[in-house]
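Peer 1: Just passing along the structure, written as structure tokens.
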């Protein structure tokens, strides 16, 4: 603060250093009242801008193939299992935990549906319910061991991931069980406005989660727990109950994603389950750079999923196959975590 001089009994500010003089402070001006905050806008929607530029880049390289309706339908119609899995990952991230077993929970669910319905003759609806409950049970086990027993989440979820993967291989006899009815596929592939209905399931899920996290006491408590667990506990928040619930809800969402996945493809090979984990984590972390920078949010996660899908599909159309998906998702995860860390630090310093 400027020093004060008394002139005629009235306090007057002493003249400070002129602009450009040594010791002058930088002029930190706030955006004009009512004017757009371009820095905030850019930080929220930079990924969307990069997405548009990416599409333009692919369109220039492949003008006859990329700008086709079938290309964009392929992007938006093939990611529904990943949407549910990324939302499952986000449930634990929001409360400051993480779950490495969600991909195996998805795989267990996707394996149990055809095994129970085809090999054991169960009613298809009952098989779906049992498959989702099995995934939820895995989440309950994880939550109990992490929250109640105090075992580190890394150890618990890594172990339960391997356990569920082994159970899926056991019940399927390490083979792909297929032969589900075409009518069952309609729960995922029935078209609405040119897109499979499962796309709208994912969109509805993102909107519901976004509403809960933003506008309900439960959502605010979840965010509070993730920000500072001990302070939340002192404030009377049921911290352990929320942490346990996040594991159960996350695994349940993964189980529902497994049902939609097997409905889409008609069968499932349980050995591919681990390949879904990296894309889900990459999208979830990249989503923290969209809409609400520094925070896990469902809309940002959905944008990130389709951003990554666009990048991979474009590269595959250019002839890069096989290795490109792992390289792209791995790079995206590193960049996403780095960006999330930087944004979180900037947010904390303001």
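We number each residue from 1, going along the chain as drawn.
Placed from the backbone N, Cα and C atoms, the Cβ positions cover glycine too.
Sharing the feature lines straight out of TrEMBL:
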- 24-35: compositional bias 'Basic and acidic residues' (COMPBIAS)
- 1-37: region 'Disordered' (REGION)
- 45-63: transmembrane segment (TRANSMEM)
- 75-95: transmembrane segment (TRANSMEM)
- 124-146: transmembrane segment (TRANSMEM)
- 153-172: transmembrane segment (TRANSMEM)
- 192-213: transmembrane segment (TRANSMEM)
- 247-268: transmembrane segment (TRANSMEM)
- 274-291: transmembrane segment (TRANSMEM)
- 303-321: transmembrane segment (TRANSMEM)
- 327-343: transmembrane segment (TRANSMEM)
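Describe the structural context of each listed feature in the structure shown, including burial, neighbouring residues and relevant distances.
Peer 2: Sequence-distant contacts of the transmembrane segment (274-291) (same chain, six or more residues past either end, CB-CB distance under 8 Å): 43-48, 81-82, 85-86, 88-90, 93, 100, 102-104, 106-107, 161, 165, 297-305, 307-308, 326, 329-330, 332-333, 335-337, 339-340, 343.
Through the fold, the transmembrane segment (303-321) approaches residues 47-48, 50-51, 54-55, 57-58, 61-62, 65-66, 71, 74-76, 78-79, 82-83, 86, 279, 282-284, 286-287, 289-291, 328-329, 332, 336 of its own chain, all at least 6 residues removed from its boundaries and within a Cβ separation under 8 Å.
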Peer 1: Thinking of Cβ pairs under 8 Å, which stretch from 45-63, 124-146, 192-213, 327-343 has the most of them with the transmembrane segment (153-172)?
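Peer 2: Per the Cβ count, the answer is 124-146.
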Peer 1: Let me spell it out: take the transmembrane segment (192-213), skip the flanking residues so only those 6+ beyond its ends count, and list any with a Cβ under 8 Å from a Cβ in it.
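Peer 2: For the transmembrane segment (192-213), the list is 69, 73, 76-77, 79-80, 83-84, 87, 90, 94, 186, 219-220, 222-223, 253, 260, 263-264, 297-299, 301-302.
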